[in-house]
Number of protein chains: 2
Amino acid sequence: MAAIKYHLIKKDSKNKARLGILETPHGIIETPVFMPVGTQATVKSMTPEELKEIGATIILSNTYHLYLRPGHKIIEKAGGLHKFMNWDRAILTDSGGFQVFSLNSLRRITEDGVEFRSHIDGSRHFFTPEKVIEIQNALGSDIMMSFDECAPYPADYDYVKKSMELTIKWAERGKRAHKNTEKQALFGIVQGGTYEDLRKECAQRLVDMDFPGYSIGGLSVGEPKNVMYDIVDLTTEYLPEDKPRYLMGVGSPDDLIEGVIRGVDMFDCVLPTRIARNGTVFTSKGKLIVRDAPYAEDFSPLDEECDCYTCRNYSRAYIRHLFKANEILAARLATLHNLYFLIKLMKKIREAIRQDQLLEFKKEFFKKYYGNKEEY
Amino acid sequence: MAAIKYHLIKKDSKNKARLGILETPHGIIETPVFMPVGTQATVKSMTPEELKEIGATIILSNTYHLYLRPGHKIIEKAGGLHKFMNWDRAILTDSGGFQVFSLNSLRRITEDGVEFRSHIDGSRHFFTPEKVIEIQNALGSDIMMSFDECAPYPADYDYVKKSMELTIKWAERGKRAHKNTEKQALFGIVQGGTYEDLRKECAQRLVDMDFPGYSIGGLSVGEPKNVMYDIVDLTTEYLPEDKPRYLMGVGSPDDLIEGVIRGVDMFDCVLPTRIARNGTVFTSKGKLIVRDAPYAEDFSPLDEECDCYTCRNYSRAYIRHLFKANEILAARLATLHNLYFLIKLMKKIREAIRQDQLLEFKKEFFKKYYGNKEEY
């Protein structure tokens, strides 16, 4: 039996948005879904109970980071990542590819894999497609990623083509190495940069290999937004209807909506948690830098329309004070709010799809979020 | 009507320990009690709900810090400190005296008050006994402290005597300045260093002024523990039975037990929260530095005997990982555990007093806490 099962519930009649249910060994996920990022076996500043309370059904964790610290063997001994971090809902792990390729000066790519140095202590390591499967098997995530090469932007055609070929070969090797298919689903990752024919070819060849789900990688790495949207739109054309699609590393409110409209089911991004820790929060009227002086005596909540724990109990003035005073509670309250904002946005998106109203919802949301600006 | 009311429920027949109930405008407090410290209008890393869940009935906040940031006027506009920080149980505020006198090079003492520079931006400020009452009135704490001079240790007799005289004068001035006596109780602070006659005189003269409660200040500032215990023992002899006694800034497990035995009802200390953030936790078998390497693969809880949220859900290995990875959740889990440990210790102490068993409890507790060491 397969580890996960995707049920397509309904399609919006006016665009490619899909309402679905994803069954995993750790619970049911309504899609489209936003996955909070828990890089080091913790969604920064949050407890698992708080994540559940705001409606998170799946989180992402990073293979590269956990491999280096505390080490996947320790997590395996603890009984797996779920038990180690006290999270009994679904977990998706990435392959470490994106992180390893981000270590520009610290890595060397061969056909066999990537040699890199730890950002923590400079020690040498070697990731192969088989190794990252072994690590993810030890972690016990519900959804795993194939090892891929994420080409930079911009990159010339030949480089991206070669990189895509490598990614496909590595996907094959990873698939062969993955034994625990009944408990863990391995996704293939579509690469191909901003070249339409490469994206199409990569998608088709991965689909031929029959993965239980497909990721769209290598986007939101510097290309213009309309280019990203076009590539997503094109890619989902070649992905099967009965498998989930995951757009990696994307999670601003506008990108979530635009991604769903183009047929994406799953998203993750460090944005909401990272900007929260710096004192920036989402509101129904756009982003707000609560650290700023104008909020010193503003006793209203972060967002008048929000009913999260933070907005029910604390004022902008208090949260600003906590940020100015470098208090940990500042990060907690802002993080909780930002994650709730995105999770609730996804809920509204799902409801809109159910009503065939996603395009109308988008218009209303953007109007309020960006104010009266002509362009957004 | 007075803001607070102390009911002496029972005395341990074999020592000076007292079981009591303290009624405040924000709830009932069972004494002896440990008060977590929320210096900047937040108990570092914790939410009010978490404090309630671990049984905190009163917290302490710092006048000096809140005056400087965000400013007591802003907190007053927010509707007072309780509302500002979302804490509806009791709050005790200190007078700022201890902080101001700790700013060695930054302050100048006169008969009228103390000029000091902000540790945040170097700006000049002047605290008088009246000013600190005005600030605490704006904050709206349930229990306020008189402005006092906390003499350093060691200090010669003449200095400490002069300092004690100033503290008494300032207590008188503060008492006159305090208008909101029905909602806020002002304590007098006994000073006198380690000189028995000065402690006695200070206590007697303050008691003559009839405060609703008395603090014992200027201890745990470097003097040997037995000296502190003797001074506490002597001071409580001169304090009335029908008023609460508060030993300022003291809160290690041994000092709590020894303080209670000498007739103290209230304690506060940054120790449990501060060491927690550095990776040190209390356990029934003594302190444990969970950051240390031996715990990397230790999947047992911080304390086998503890039933706090942290110990029910997380292993030493996980918490160590969080500390090594500089994750916020590390501070949260350790802080919650340490505060729970002390609050539960006070509960056990109260139960022991009820049974006339406090000395036996002390013996058992120390035996386990310090192991088989002859001396503790």
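Heads up, the Cβ atoms here are built off N, Cα and C, so glycines get one too.
Please treat TrEMBL annotations as automatic predictions, because they have not gone through curation.
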If you look at how TrEMBL annotates this chain, which of A:73-77, A:123-127, A:273-277 comes out as region 'RNA binding'? A:273-277
From the candidates A:His178, A:His337, give the one listed by TrEMBL for the same Zn(2+) site as A:Cys306, A:Cys308, A:Cys311. A:His337
In TrEMBL, A:Asp94, A:Ser95, A:Gly96, A:Gly97, A:Phe98, A:Asp148, A:Gln191 are given as binding substrate, so which of A:Gly71, A:Gly122, A:Gly218 is in that site too? A:Gly218
So which range, A:11-17, A:249-255, gets flagged region 'RNA binding' in TrEMBL? A:249-255
Binding-site residues compared (A:Cys306, A:Cys308, A:Cys311) - highest count of Cβ atoms within 10 Å: A:Cys311
Among the recorded positions listed here (A:Gly96, A:Asp148, A:Gln191, A:Gly218, A:Asp268), which has the Cα closest to the Cα of A:His337 (Zn(2+) binding site)? A:Asp268
Nearest-integer angstrom distance between the alpha carbons (Cα) of A:Gly97 (substrate binding site) and A:Cys308 (Zn(2+) binding site): 35
Neighbour-count leader, CB within 10 A, recorded positions: A:Asp94, A:Asp268: A:Asp94
Just the number: how many Å between the Cα atoms of A:Asp94 (substrate binding site) and A:Asp268 (active site, nucleophile)? 11
Could you measure between A:Cys308 (Zn(2+) binding site) and A:Asp148 (substrate binding site) for me? Cα positions, answer in whole angstrom. 37
May I ask for the distance between A:Asp268 (active site, nucleophile) and A:Gly96 (substrate binding site), taken between their Cα atoms and rounded to an integer number of Å? 15
Would you kindly give the Cα-Cα distance separating A:Gly218 (substrate binding site) and A:Cys306 (Zn(2+) binding site), rounded to the nearest Å? 33
